[in-house]
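Q: Here it is: the structure, laid out below.
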């Protein structure tokens, strides 16, 4: 698909609406879980997003007939709004600045390894259900 085929209004709308819903979901999870000095909300949003992106990638791959806006809205939009590398980075650096080196290392490790494992689990879930 060429860039000109991708730049259609429905794709813009799908990405925008997906991003809005994903960002709202992340904000609500953060309000609920970020109550202490450890960023549980961001961690939860990133881990949930890792699992969901695995599910959606597998579903979309199994349905090549689905229009591009489905993938764009779900993955680029919603998952892009739900997950956040920039907030993860800022929170990790803030932990380092406070001298919480073990916490920062644990948070970074759990975030990275957990997201990768959960993405794989999402892919595997769809395979098992087929």
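Just so you know, glycine gets a Cβ as well, placed from its N, Cα and C.
Nobody curates TrEMBL annotations by hand; they come from automatic prediction.
Straight out of TrEMBL:
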- 7-28: transmembrane segment (TRANSMEM)
- 40-61: transmembrane segment (TRANSMEM)
- 68-88: transmembrane segment (TRANSMEM)
- 80, 83: Na(+) binding site (BINDING)
- 100-129: transmembrane segment (TRANSMEM)
Q: Just counting, how many other CB atoms are there within 10 A of the CB of residue 80 (Na(+) binding site)?
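A: Here the count is 18.
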Q: Hey, would you say the transmembrane segment (7-28) packs against the transmembrane segment (68-88), going by three or more CB pairs under 8 A that are 6+ residues apart?
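A: By the criterion, they touch.
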Q: Across all the protein chains here, work out how many other Cβ atoms are within 10 Å of the Cβ of residue 83 (Na(+) binding site).
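A: Excluding its own Cβ, residue 83 (Na(+) binding site) sees 22 Cβ atoms within 10 Å.
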Q: Translate the DSSP assignment of residue 83 (Na(+) binding site) into the three-state scheme.
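A: For residue 83 (Na(+) binding site) - judged by DSSP and reduced to three states - the answer is coil.
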Q: Checking distant contacts: for the transmembrane segment (68-88), what same-chain residues at least six beyond its ends satisfy Cβ-Cβ under 8 A?
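A: Here the qualifying positions are 1, 5-6, 10-11, 13-26, 39, 42, 45-46, 48-50, 52-53, 56-57, 60, 107-108, 111, 115.
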